[in-house]
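Participant: Sequence annotations record features per position, and here TrEMBL assigns domain 'Acyl-CoA dehydrogenase/oxidase N-terminal' to 6-118. As annotated by TrEMBL, domain 'Acyl-CoA oxidase/dehydrogenase middle' applies to 122-217. Sequence annotations record features per position, and here TrEMBL assigns domain 'Acyl-CoA dehydrogenase/oxidase C-terminal' to 231-377.
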Amino acid sequence: MNFEFTEEHLMIRDAARDFAQRELLPGVIERDDKAIYPTEQVKKLAELGFLGMLVGSKYDGGGMDTISYVLAMEEISKVDSSVAVIMSVNNSLVCWGVEKYGTEEQKEKYLKPMARGEKIGAFLLSEPEAGSDATSQRTTAIDMGDHYLVNGTKNWITNGKSASTYIVFAQTHKELKHRGINALIVEADTEGISVGPHENKMGMRASDTHSVMFNNVKVPKENRLGEEGFGFKLAMKSLEGGRIGIASQALGIASGAYELALKYAQERKAFGKEIINHQVIAFKLADMAVEIEAARYFCLKAAWLKDQGKPYGHASAMAKLYAAETAMKVTTEAVQIHGGYGYVKEYHVERLMREAKLTQIYEGTSEIQKIVISRGLMD
Ligand code: CAA
């Protein structure tokens, strides 16, 4: 048992913190308010190597471990979760699957540009009628011999418009149910693909979330990722790592709100003293600090298991559940501690509270995490 970070971990954490404070904080309120995609910020994130930090150096990635990823995601999410989710989807939902299951040709052509952050990836699993119930894919990929013909609609797609590379999950053999689902690498500019309007979201408004429609889209056979019928399992395995990313994002949202609330409580006076000296506020902060620390351990444990090559799906579901619930509680309390100031945009905490809500929903709702966790108890 070792609770100490390495020098390299601390360097990565500090680099992410510095980037977030210097490049993300200015303008974060405006980008969120007007739903402006963070083009420049994503470019800088790529230059720093964060967009492909989990990919091995052989494929032009940062070759960093998952602990580093947790630390970087926390720091970036403290300030701007729209940028954090772009980074998380690219790293753990898209690059991971291509690196783990892709052919050398697929890695050369698709993984390397994404690992360098020159191109962005998106993960197209959700559909209008298949969100939590992910096995019920309606999108079809009919086997036409040398290619698949893809038809259907995907929705809630993070990076839906900015991505050049999609991983699309589609049903090839309906009679085989989830065992008939394939994962396909699809170039976003392929004929027959159209992207719906930007979703006008409650939070993380600067990340691009869209529906993506497929109308007789031809996808070469060699773009199938993994074995025939392996698509659903690939999606589930990708989400195991994705959930470490979102758990770390929720952790960052919670710790960002906590830091702001702690500072405010030490400055703001009421009834003749700083409000932190009122026990009702001090106890709120104590509860927040405890829950954040527990969420951090959950995230690091899941990351450590993944880095050790041990099973981590159960731990990542626990981390996502606990961190997302903590983010919601902590951000709500941070707004409360700020009083009226907490309800206006300049103080950031209302935005963090809106961002926290999404961590309870995407990459598997809190209720889905409980399904995964409870099934794991019986293994
Ligand atoms: N690894 C490998 N295989 C797995 C697996 C895992 N973690 N979890 C399930 N499977 C396999 C099962 O073994 C089973 O295969 P076999 O029948 O061949 O044995 C198959 O998958 C089906 O599993 P279940 O019977 O457990 O399926 P289910 O219908 O009961 O539901 C579920 C499983 C866990 C609820 C799943 O549907 C799920 O995770 N739903 C949530 C989906 C989700 O997280 N969506 C997020 C969208 S992506 C997103 O938000 C990205 C973004 O843009 C930010």
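Just so it is clear, glycine is given a Cβ too, placed from its N, Cα and C backbone atoms.
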Participant: Looking only at the domain 'Acyl-CoA oxidase/dehydrogenase middle' (122-217), what are its DSSP counts of helix, strand and coil residues?
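Facilitator: In the domain 'Acyl-CoA oxidase/dehydrogenase middle' (122-217), the DSSP-based counts are 7 helix, 47 strand, 42 coil.
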Participant: Compute the average pLDDT of the predicted model within the domain 'Acyl-CoA oxidase/dehydrogenase middle' (122-217).
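Facilitator: That region's mean pLDDT is 97.
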Participant: Run through the domain 'Acyl-CoA dehydrogenase/oxidase N-terminal' (6-118) and tell me, per DSSP, how many residues are helix, strand and coil.
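Facilitator: Once the DSSP states are binned, the domain 'Acyl-CoA dehydrogenase/oxidase N-terminal' (6-118) shows 84 helix, 0 strand, 29 coil.
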